[in-house]
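Look at TrEMBL and you will find 1-19 tagged as signal peptide. The feature domain 'Laminin G' is assigned by TrEMBL to 53-229. The domain 'VWFC' annotation in TrEMBL covers 270-329, 544-599, 604-663. Feature annotation from TrEMBL assigns domain 'EGF-like' to 436-477, 508-543.
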Amino acid sequence: ISATGWVLDSLCLYSLASGFGVDPALHVDIFEEFDNLKSSAGVSQVQGFHNETRAYLFEGTSRNARASLKAAERILQKLRGRTEFTLLLTLKQEKFSSGVLLSIHYGEQRFLEVESSGLRNEIRLFFQTSDQRQQREVFPYSLADGHWHKVSLAFSATQVSIHIDCNRIYERIVEMPSMDFPRGTNIWLGQRNDAHGFFRGVMQDVQLVVIPHGYIIQCPDLNRTCPTCNDFHGLVQKIMELQDILAKTSSKLALAEEKMKYLDGCYCERTCTLNREIYRDDDAWIDGCRNCTCSNGTVECESIFCPPPQCPPDTAPIYMPGACCKECQPVCLFRGRVYVEGDRKSVHDSEGNCLLFECRDRSMRRVEITSCPELNCPESEQITLTDRCCKVCRGAAGHSRNCVENSDCINLEAGAFCSCKEGYHALRDDSAYCQDIDECAEGKHYCRENTMCLNTPGSFMCVCNTGYVRIDDYSCTESCEGNLFRMKQSCCVYLVCLWCLLCFCMADIDECEMGRHSCANDTVCFNVDGGYDCRCPHGRNCTGDCAHDGKVKDNGQIWVLDDDRCSVCSCQSGLVMCRRMVCDCENPTVDVLCCPECDPRLSSQCLHQNGLLAYSNGETWEENCQQCQCMRGEVDCWPISCAPVADCEFTVVPEGECCPRCVTDPCLADTIRNDITKSCVDEYGITRFSGSAWTKHGTECSLCQCKVLDTYITTHRHTRYKSPSSSTLFIIEYLDLNPCGCHYF
């Protein structure tokens, strides 16, 4: 590296040594406060990561690691009202296990709970907000690997950061947690309660500190403002390791490309896939109202041809459910108009009552009307259709058996009609059947330079050409472009940027000369740009053996990894292929640790908290908006994944459902999304963050709220302001409090 000497000289000028103590009033040693920990069943003192403090082994399910009410109150008193605190602990968690590290809860209210799932390889954080809503955050990371880890979880107002082994792996903006604990709040260590969430492994140095950047207690080296020489040397070492990984990957890719050349001489029948069905070449079938064929791996469909029907008197051509072409059906004559079978008409009698008639057997027959459903739209948006007496919401999507494929039923002034979904066009004139629009073939896309248009159901996507990286959804640029400069002549093998201040290009390393390759004994290493290649010398027959973890594996050999008994590797012509073990419960020698669903023992079953249901090991189910699984007698649950609600200011989770929906009425909303990085200034010159609320000066009946709005919204009473730091328009809304406690926007 040409810039290495200069960087070393520059960085070695900076170093910062730090040390500090912590006020006992701001520090909690959990082991000291849990005075009954030694006598708790299933908990024993063991050798820890170091000998300076105590370490405890948590095992079994018959334990009661709960702080006494007095000890819990001492801990909570230091946390009450705090907006900045850190949980620190050192642990070694049993492989593939799941359990709660620390839980502070009152009944069903989880004020702070940290859980590590070895099943899902994630850290879960549960807490309660100031308005008593339960929040959960999921951080993908595996702690349950049987190794020691230093863990730090730091809260600072609305920011939470996680450090593992002194490396910051996550920093996220969340809602501010509430530290207003009621008396009687319980604190559990290594379990959620006396029946669930049992942690398996060893814990040491479990602490709570209420100072900024509390992780520095665990990792003093992080308390520096400038990098040191040691930082740079460590970075260079990491770069060398990454180069080695890159070289190995390049070698495997070269071998794969070499093997792909032989496939050109093979005959491969190209099949087609549509709606998860596979069709062979030249197959023909009917899909909805389309005739489809498979031609050279591509599905080609065209609309079914419908001849004009010749209908006798007293009948008319109409579409019937499930049919693609119009069929002759009997008609009814009512008040000078013709109606087909199944059509409805609403009329009003002399007293203004609505009467509903339906065409049946060539005559209009009276239909009894039950109660009308409650609508969730304003009265001004409620309309009356000609085929019913109950009002509906204008433009709202309805339900109709006539709108079949990629089509929605829409309520309009003139009645209910089928409308093709966005990105689809109609196959027949009533829009009951719709097919995808190929934006790429029809030139209806926005893909720009260096991209290729790829059609998707209802839309399209722009794929970057080889050697380019994405700028936005529609354009790409050269992959060798750096943050601070651009390499126009050639791309770097590896581009290194130190702290968004200095970037330099790594030159090629000769892995063969340096001995940093994994070629087997009977092959020869050849250096290539950015990597190396293992080749068989001319006139010799190479064995195809593999080099793995410093050992030579025979070609065709199969083995289990030393550090992961559930992964199987094999040597195939010089390449090492690894995969997870396939579970065969019929095999009597199956490893139940890797295949818990194959464990028939009663001790591996899980009992539901109601005491009536029992789940087998490995069985999964859904409960209380969580996906749960029984793992060796323990239940591991994680939040059900919900699709993001985009471009929505107000959301609500309907009763009986788990995922939020978009609503327009703020009185119905569960949450309101605000950008806390923005602010506005009220009429008295006070800076307010977006989403904050305050009582209007001089009155107790008006509540003000600062909101960032992209479009104008009509409010009960509002005042416009400009942000002093930007041109963003803010609207401070005055929300009059009404007797029911609802704030009208």
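The backbone N, Cα and C atoms fix where each Cβ goes, and this holds for glycine too.
Keep in mind it's a predicted model, so treat the numbers as computed, not measured.
Please go over these features one by one and say how buried each is and what sits next to it.
Using DSSP to sort the residues of the domain 'VWFC' (270-329) gives these counts of helix, strand and coil: 0 helix, 29 strand, 31 coil.
According to DSSP, the domain 'EGF-like' (436-477) comprises 4 helix, 18 strand, 20 coil.
Looking only at the domain 'VWFC' (544-599), the predicted model's pLDDT averages out at 81.
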If we skip the immediate neighbours and take only residues 6+ beyond the ends of the domain 'EGF-like' (436-477), which ones have a Cβ under 8 Å from one of its Cβ atoms?
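That would be 406, 421-425, 491.
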Could you count the residues of the domain 'VWFC' (544-599) that DSSP puts in helix, in strand and in coil?
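Reading the DSSP string over the domain 'VWFC' (544-599) gives 3 helix, 25 strand, 28 coil.
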What does the DSSP secondary structure composition of the domain 'VWFC' (604-663) look like, as residue counts for helix, strand and coil?
1 helix, 26 strand, 33 coil
